[in-house]
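*Asks:* Take a look at the following structure, please.
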Amino acid sequence: MTSTVLVDIRDEVTCPICLELLTEPLSIDCGHSFCQVCIIGNSNNSVFGQGGRSSCPVCRTSYQPGNLRPNRHLAAIVKRLREVALCPGKQLEVIFCALHGEKLQLFCKEDGKLICWLCERSQEHRGHHTFLMEEVAQEYQDMFQESLKKLRREQQEAEKLKALIQEKRESWKSQVEPEKRRIQTEFKQLRSILDREEQRELKKLEVEERKGLSIIEKAEGDLIHQSQSLKDLISDLEHRCQGSTVELLQDVGDVTKRSEFWTLRKPQALPTKLKSLFRAPDLRKMLKVFRELTDVQSYWVDVTLNPQTANLNLVLSKNRRQVRFVGAQLSEPSSLEEHYDCSVLGSQHFSSGKYYWEVDVSKKTAWILGVCSTPVDPMFSFSQYSSKQGAYSRYQPQCGYWVIGLQCKHEYRAYEDSSPSLLLSMTVPPRRIGIFLDCEAGTVSFYNVTNHGLPIYTFSKYYFPSALCPYFNPCSCIVPMTLRRPTS
């Protein structure tokens, strides 16, 4: 049997972990074999998952530590190899200097490469420390063995981190999917008005999901790249350690530096919990508001404007559903006194029962809406009020007005008896306003239909002494005010 064949056989019966001939070889499920001590140590250090499984150091296939099987055939081959005492490393491969054609028998410490006796005497290597190959081979053999131990530890840690990243990925997805389903279930009850809100919530969640997965995938990609570099370096070192002395020492400087300075870059903090979770109570509140609006809209009446009550500064549409101010526009109205002649009443009168109507005030910078108990005289003069507060006092329940209004483009106010005006907070500026009158309950309620029917303000527990009329005041804003038709 030739030495080449024996070397090939030796490679087949060498433990991939300790790189020595197999001792008491054990085989695992994938077919790879290892020394008994080596594979048991690997099983103890690389357990993952709830089933207590380990992964093969060669092909990473999972196996049960309890399924280790003695391989008597390999043990017999190892025994025969030990008897012939095969040691291929002692049969030196002879190579020649590419520059001088002489045998490469010397090793230059400074350059970390093999040289011939003529190279040693050249200017390039003058003053360098040179040794016979055999004198330094063991030093680098020991050095590489230590590097291999360190790099294998790094490799094991990298594999553990890969498993951890995979678990984080599954955990992340398991958080996202139930949350997505819960959001969709909650929104089913509000589908008619909440399509935009549902999409917004899902979009936010998807953005967070993509951001989290992007972080995980980046960490995974970086780890895969590092693992490949690590495997290449380990393969290079293993090839050098298993090959001839020439292969061991050829261009040793570069691989020495790579081995010494190689360090695993650990991934940055991985996401574990969603930053923001959808809260169902908010939807229940919105559902309650929606149901309240739906209830009052069941009393929707077809209100039209009464042209006999409109001032000359106002123009009504032919269908009497729209009113527009056409007088001199006031740039900075200082008080309600400047709007005294801008009102028009509805054609209907209400003395009992429940009634609802809607008004479109889109793009208007000023308006007043509600009900009044007595006809408004278009020629009424505010001269009797000597102050701005006096002008405001006209629009109070004690004077027969239950109204709210927009002033100075951004100020929403309710005109109560207790105060000249009560400032209202609007998170969403209303483009459509719903007015609900309950004569028996003595209430006038206003709803922001634009914001899914959120209540704006309610005048409550009033006694209405006479019939009430819908009240409309476009103020000095030329943008029209429009009554909406009842929806089916």
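Cβ from N, Cα, C; glycine included.
Since the structure is predicted, the reported quantities are computational estimates derived from the model, not experimental observations.
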*Asks:* Which range is it, out of 92-133, 428-469, that shows up in Swiss-Prot as zinc finger?
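*Replies:* Residues 92-133 are the ones Swiss-Prot records as zinc finger.
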*Asks:* Other than C97, H100, C119, H125, which residues of the same chain sit close to Zn(2+)? List them in sequence order, counting a residue when its Cβ is within 8 Å of the Cβ centroid of the site.
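*Replies:* For the Zn(2+) site the neighbour list reads L99, E102, I115, C116, W117, L118, E120, S122.
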*Asks:* What mean pLDDT score does the domain 'B30.2/SPRY' (282-488) have in the model?
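*Replies:* That stretch averages a pLDDT of 83.
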*Asks:* Fewest other C-beta atoms within 10 angstroms of its own C-beta: which of the binding-site residues C97, C119 fits that?
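*Replies:* Selected from the binding-site residues C97, C119 on minimum Cβ neighbours within 10 Å: C97.
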*Asks:* When you tally the Cβ atoms that lie within 10 Å of each candidate's Cβ, which of the binding-site residues (H100, H125) has the highest tally?
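*Replies:* The residue with the densest Cβ neighbourhood is H125.
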